[in-house]
4 protein chains.
Amino acid sequence: MMSDLQGSLPFDNKLHEECGIFGVFGCDDQETAYNIYSGLFALQHRGQESCGMAVNNNGVVSSHKDMGLVSDVFNKDILEKLPGQMGIGHVRYSTTGCSMRENTQPLVLKYIKGTLSIAHNGNLTNTAELRDELERTGAIFQTTTDSEVMSYLIARERVNCGSVEEAVRRIMPRIQGAYSLLVMSPRKLIAARDPHGFRPLVIGQLENAWVFASETCALDVVGAVYVRDVEPGEIVVADERGLTSIKTETPEKTSLCIFEYIYFARPDSQINGLSVYEARQESGRILARQHPVEADLVIGVPESGIDAAIGYSQASGIPYGKGFVKNNYVGRTFIKPQQKQRENAVRLKLNVLGNTVRGKRVVMLDDSIVRGTTSARLVHMLKNAGATEVHVRISSPPFLWPCYFGTDVPERSQLSAVRNSLDEICRSLGADSLGYLELDSLHEMLCGREIDYCDACFSGNYPVAPPKSEASIDQFVK
Amino acid sequence: MMSDLQGSLPFDNKLHEECGIFGVFGCDDQETAYNIYSGLFALQHRGQESCGMAVNNNGVVSSHKDMGLVSDVFNKDILEKLPGQMGIGHVRYSTTGCSMRENTQPLVLKYIKGTLSIAHNGNLTNTAELRDELERTGAIFQTTTDSEVMSYLIARERVNCGSVEEAVRRIMPRIQGAYSLLVMSPRKLIAARDPHGFRPLVIGQLENAWVFASETCALDVVGAVYVRDVEPGEIVVADERGLTSIKTETPEKTSLCIFEYIYFARPDSQINGLSVYEARQESGRILARQHPVEADLVIGVPESGIDAAIGYSQASGIPYGKGFVKNNYVGRTFIKPQQKQRENAVRLKLNVLGNTVRGKRVVMLDDSIVRGTTSARLVHMLKNAGATEVHVRISSPPFLWPCYFGTDVPERSQLSAVRNSLDEICRSLGADSLGYLELDSLHEMLCGREIDYCDACFSGNYPVAPPKSEASIDQFVK
Amino acid sequence: MMSDLQGSLPFDNKLHEECGIFGVFGCDDQETAYNIYSGLFALQHRGQESCGMAVNNNGVVSSHKDMGLVSDVFNKDILEKLPGQMGIGHVRYSTTGCSMRENTQPLVLKYIKGTLSIAHNGNLTNTAELRDELERTGAIFQTTTDSEVMSYLIARERVNCGSVEEAVRRIMPRIQGAYSLLVMSPRKLIAARDPHGFRPLVIGQLENAWVFASETCALDVVGAVYVRDVEPGEIVVADERGLTSIKTETPEKTSLCIFEYIYFARPDSQINGLSVYEARQESGRILARQHPVEADLVIGVPESGIDAAIGYSQASGIPYGKGFVKNNYVGRTFIKPQQKQRENAVRLKLNVLGNTVRGKRVVMLDDSIVRGTTSARLVHMLKNAGATEVHVRISSPPFLWPCYFGTDVPERSQLSAVRNSLDEICRSLGADSLGYLELDSLHEMLCGREIDYCDACFSGNYPVAPPKSEASIDQFVK
Amino acid sequence: MMSDLQGSLPFDNKLHEECGIFGVFGCDDQETAYNIYSGLFALQHRGQESCGMAVNNNGVVSSHKDMGLVSDVFNKDILEKLPGQMGIGHVRYSTTGCSMRENTQPLVLKYIKGTLSIAHNGNLTNTAELRDELERTGAIFQTTTDSEVMSYLIARERVNCGSVEEAVRRIMPRIQGAYSLLVMSPRKLIAARDPHGFRPLVIGQLENAWVFASETCALDVVGAVYVRDVEPGEIVVADERGLTSIKTETPEKTSLCIFEYIYFARPDSQINGLSVYEARQESGRILARQHPVEADLVIGVPESGIDAAIGYSQASGIPYGKGFVKNNYVGRTFIKPQQKQRENAVRLKLNVLGNTVRGKRVVMLDDSIVRGTTSARLVHMLKNAGATEVHVRISSPPFLWPCYFGTDVPERSQLSAVRNSLDEICRSLGADSLGYLELDSLHEMLCGREIDYCDACFSGNYPVAPPKSEASIDQFVK
């Protein structure tokens, strides 16, 4: 439910990945910008702070970007002034303090070989070292984004090699962490995914055009056919000759962020060919086996909890029903109510269906617990509405470790599961029972697919060394 | 699904009621505006074109209203400049052509007895006659709203009687049609509901304050306790002495708009004590009995179709699942795509969960069919995604007649059910079967409650004579 | 200098008339709105708070109005959506407390005979009585404007007579005070000026079209040729047959507001055939005779003081020079500086030309003194810059009485001339001498023209009884 | 008159310098931003496209910048969120095509030594070479501004030297052209002016704080006392120890842009101690001697033509008068009228005072003629209004050469004086005589001061080699 419960309301479990990207190569002049617009629209859940696009009209790049939602930043006039045959777009989510206009993407820059546009999704772990190294050789930085760091590396490498894609290939061993990347040169559109494959990136075909997107749902809205996922460590070049693939070295085991299935991605997307909705349903089925309970009704916390709830209901035989109604009109600008009315604030975003739960033993499915305060409020609302029992089931293991690859997990001291036992958490929620998905069962959620994933936020097993700048980092790495 | 699929997209089944209202009496100075803001927020689904509020600060009325959503029109600065101990608010839905700023509500006016603020919900059927009569005695009209007509009537009656509530009582026999009404005088807040009770209106209590709202979901968000519905033909006066009820003459059978249960109201609201969600689930259960089919999956068209689908699943035993994902970020300003991309446009708002429906026989629940074009697209999307069969079930009878009481049904010539047989509609949808809720079963949906309702849009049985200005009106009235 | 020194800055001499009006009859569809736009632009100095226009497209009236300057409220899209063959427009200045969107003009209303649009300029003195009388017969008021009162009167009279112009003629004896009025009926454009002729109103011809405007400068910008002034008490009807004039009863002596010449009107306008610039120059010449002084330089306080200074220089032979530079970018939204910087605030709007005045004996011309604080600051700035003497000359007599006809003079207690002798004022300004234009010389300023004028703010001789609602009104009327 | 007659109106003589700068060191936390705001306000005439400021709060830099006027871009909330003890600001004028948000200043960047903020005014002539050189060593550019180039140079030099001011000193021999520069490091504010001193830059003192500004009028509005001009080639460092001056090598003859006196600067500014207003008056006096004529009235084209007209009047004895009235409300967003109304368009910005010029022989002073079309219209307006003769006097020599130092002169082919004789131009203006200030007399305008200036746009004598990238550049350099 997290993506919908942010803003200025007193919700605790903000947990976000940075950004979504979309690119298209080979469209008609007037369709490029519309397709990017539609694609960004479908990826809006991955970032609501700012968005932008850069289009390439026979080598001349125009761009438009600003703070705000896709529907606020763009209008017909603006789109019509962005003709082109290829382009890239970006939606950005940002943590506090980095919310500045300068950080909007795509980044468009002039360098020795002409114009380069870049948009990326993820989080590097050796940014500080790279910036330091670049600054020592005369680089100046105008943003705080990893995109600018990567742009410098590509620009400098490009001088010594024959093509942009080769420059991208050469820098990949130097940049560590999570990144899905779109680079637009005067005549090529290049997509690349980090060797661990932390963040998803897919390829689609739209008549004679090629599309790259963070999720397949963005292919659907432009009418593109899903071709395949960009592979971890792969560079895919779209140019007038078609698609070319360049493989770079990858670790033995790749590391797709498992939280993409649990929460980030839209349920109508598929990652590695596996439907996100199916995975969520499956997590509910697993929970029904691992944490069965006698009850009258299974409900889900919108949105992702609903998918798990349907699965729990199927596996348990307990009827599924709607327990909460979400107000879709609650936006970023929602006014924080007075202290006195604060307790009703959660109801502005999420109201309980009193008649449905009254007198019932309820199983409530949610995707995760971060600080625990929102979950406690929801349990309280259900009991207030007359639920006789509330059994909380979480479709992921407890959060115990910070994420360095783009998921905005709070500091360890604020994670309810770090200092409290299961019983303590259950009591603090006011729930009658509490069950998390077990760490060992995460792979079951993937419905038998052979997908290697990163579960470091649950297990502490980091596939890549965390940033050195992080204080007392050793304690986090097992 | 209709309230979410409007805008400039090529959806056909726009069907809307006009407006939602909210009033509060007896709050602290700074809380009145915040409470109205929250209440309007919860009623936003009843009107997204414009909104406004008027607050009464010891007899001095301030107001703010504009085109746009509640979150766009109001901000903290504005709310803080609206202190008061009572106030009323309004969200407005409007049909094309009447979308002018002048029509925003509440209407605040000076008359012989001071300041009067008025907000209402519904549609009068004798507006033309009343305006004509008023104009003949020197009235001038600055808006095209029924509120202005009612204001005149109240203002003129007030001269001859001892109180505003008495003036309201005297005009009620003269105004015909649907109206739920809030009137704020210098010291009183008056709620009234037309004798047929077309539109809902409820009373809540918030500590020492009284709340009136179109739906109970608006009571929840301010923390108010539901007291009871304002009765058809009832006038309820909130003043410093508490609540006073005045009953006016009502017809033998009242006429709550049945479409409030089917589509308009939020599922977490209750009307006449009956949960809207329960009624929708029940409609699904009835459809399962009336139109059974052998299938693998039951899905609902968001939002109201989901509730019916859950009921259908329960009664049929066919598993419920998610078939569509709605993009909550699609707003009023969404840009209409190029002709070429038009077919993908529906996907921007509603995408199909391909993996879920592939290879399955699917039952698709929706609340209504107006022109049929959107439904046909959804069926097409499901089949394209691999559904082997699509059985459409509609949780209401076919639309056959226009509504004169606030529901924005298109002209008769555009209603698919008027000229086509069930088989023809089914074929035009591309569905494998089609089943409507039967007209006689509407009362079953109400779960055994004794609620008299209006089903004129399905039956043509108008509880009140349609407007005379309507051309060839006779043919519509049986 | 007053019109440019308003806003949130600590200037004292705000003195404003309400509004400017512009109307056109008989243009091409697309030119009507553009002409009104241009005309309002030229009249912007008469009101910066809000503006609007209503156009009549073969009987169908469309309008657009909002708070803000003409260039902010209108854009190309909006103008193109306002086709029509005639229309009226309005710019509004408003006193504090009445600054509400509801009060924007023109007022467009439906009444028994169709649609009526009305815009006016001035101030009625019996508004309270008229509103009271109208309310007692069932009128409701949604604005606090005199326009609404006049609309009611016209609408009610129209029922009993054969034409709108006849209705206007019948109400004119009932409304007292200052008004220049434009009324647009389905097929006619009617201009009327109160019998005293307080506010200017002129007729122009633009090819086959007729134009009405508050000032001739608005004729110039649309390329219209000045025909003549609408006479006091005259009603001029423009319809397809051309212009028709209706004369109503007027007092023996009419009362054009003399302050139009002194300050309100643009210098490039002419009123009654007399150039405003010429009158201002003449006032300077008179001052040179009445209050001669030995000096080195004559300067003017922008804008109107400059015209008088040129005249003073001509008559005295003392060289004219620029003493102040005005910052034209200072707008309504200018931020009030911190207390500490307050003394520099005046310099943001008006800076002194130090090198010019250094070591010189300076004559400073200004149009009026209200509270005296701004004048004192200007004198102080000049002396600080090195002026050895500053002689203040005011091109109007001292303000002693309130205005009830549209000029926003502060309360009597705040007028510096009411309680202080000439010497006291001179000392408080820090000036070396002070000279006002003598009351008896006002007619000289009119360059020999036979123009009857109102000088009540200087003389207390009110041509119309002040409003009864004014407390202790007797003391003001001699 | 040029700065006020731009926008979308069909005026020809746009001629603009790029930008104004303002910096302050040593203010109270809350006053820094307000002072910069006021300073930029006073410099608004030097750039209306965009503006911004960066403030340094104990080493932490915050910034705000956007397209628009100072009064639009900043408001109280924004200023209050910009606390600091020093800061710099910028107003930007831009030629078409470079009007992008990325180019707004100040530029704030992170480099090896921390944060650097930079704002500048002018135009480099070897930008292309410098960018090329930087790109070859790995620089990437996100803007098209010279500021970014200078930032790189400073950042790279800073690695090899002990201070920012030393880095500035080292790069100055490498950058050619016109620049007045403000650089803010964590603890210092540095001002620098190119060795030729093309653009003005002054030092002021405000209690314990130091102020740098493009013009002295910006010192006045914050209450700062003028100290002296920054000298050509001088670097002035403000830090906690006070002001330090560093001199760099300068050419024998410096080259202040003479057009600063003629047109750019505000009349209340002084450059090199000479009042701009005095210089303009003087130019009028010279013209009276060089091009005397028998006439009845001297008028000026607002704004700068007015100052010259006053001088012409003084020297010739012909009375000065107001010939034109400017509409101060004409802003950037003014709508271009229909073709048909185009001839009236000029009147929206500038109307003639018909009564004043009727029957008179008029001398019209203007600052320059670029294409000649606007001047022709003004002459036409005067004659239409009844002027019997119009004698045009221009307070600068004819434009014959392009400017590479920041003045936006049109292409040579569009300059009326390049292809036409004096007689031809006079005829095309419809004037009765035409006189330019003679090239040799420019130094007279400086009232005897020893000020070396650049007059390349008139003479073709470029003090610095024009950019190499300029096509067929040789022909321009004598």
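Using N, Cα and C of the backbone, Cβ positions are placed for all residues, glycine too.
For the Mg(2+) site, TrEMBL lists B:Asp366, B:Asp367; matching the candidates B:Ser304, B:Ser433, B:Ser441 against that entry yields B:Ser304. For the [4Fe-4S] cluster site that TrEMBL gives as B:Cys257, B:Cys454, B:Cys457, the extra residue drawn from B:Cys217, B:Cys403, B:Cys426 is B:Cys403. Closest in space to B:Asp366 (Mg(2+) binding site), of the recorded positions given as B:Cys19, B:Cys257, B:Cys454, is B:Cys257, taking the CA atom of each residue. Reported as a whole number, the C-alpha separation between B:Cys403 ([4Fe-4S] cluster binding site) and B:Cys19 (active site, nucleophile) equals 15 Å. B:Asp366 (Mg(2+) binding site) has a Cβ environment of 26 other Cβ atoms inside 10 Å. Close to the recorded [4Fe-4S] cluster site, the chain also has B:Phe198, B:Ile258, B:Phe259, B:Phe405, B:Gly406, B:Thr407, B:Asp455, B:Ala456: residues not among B:Cys257, B:Cys403, B:Cys454, B:Cys457 whose Cβ is within 8 Å of the site's Cβ mean position.
Separating the Cα atoms of B:Ser304 (Mg(2+) binding site) and B:Cys454 ([4Fe-4S] cluster binding site) is a whole-number distance of 20 Å. DSSP assigns B:Cys19 (active site, nucleophile) to coil, not to a helix or a strand.
The average pLDDT computed for the domain 'Glutamine amidotransferase type-2' (B:19-241) is 93. Note on the recorded positions B:Cys19, B:Cys403, B:Cys454, B:Cys457: the fewest other CB atoms within 10 A surround the CB of B:Cys403. Reported as a whole number, the C-alpha separation between B:Cys257 ([4Fe-4S] cluster binding site) and B:Cys19 (active site, nucleophile) equals 14 Å. Distance from the CA of B:Cys19 (active site, nucleophile) to the CA of B:Cys454 ([4Fe-4S] cluster binding site) is 18 Å. Fewest Cβ neighbours within 10 Å among the binding-site residues B:Ser304, B:Asp367: that distinction goes to B:Asp367. The two recorded residues, B:Cys19 (active site, nucleophile) and B:Cys457 ([4Fe-4S] cluster binding site), have Cα atoms 19 Å apart.
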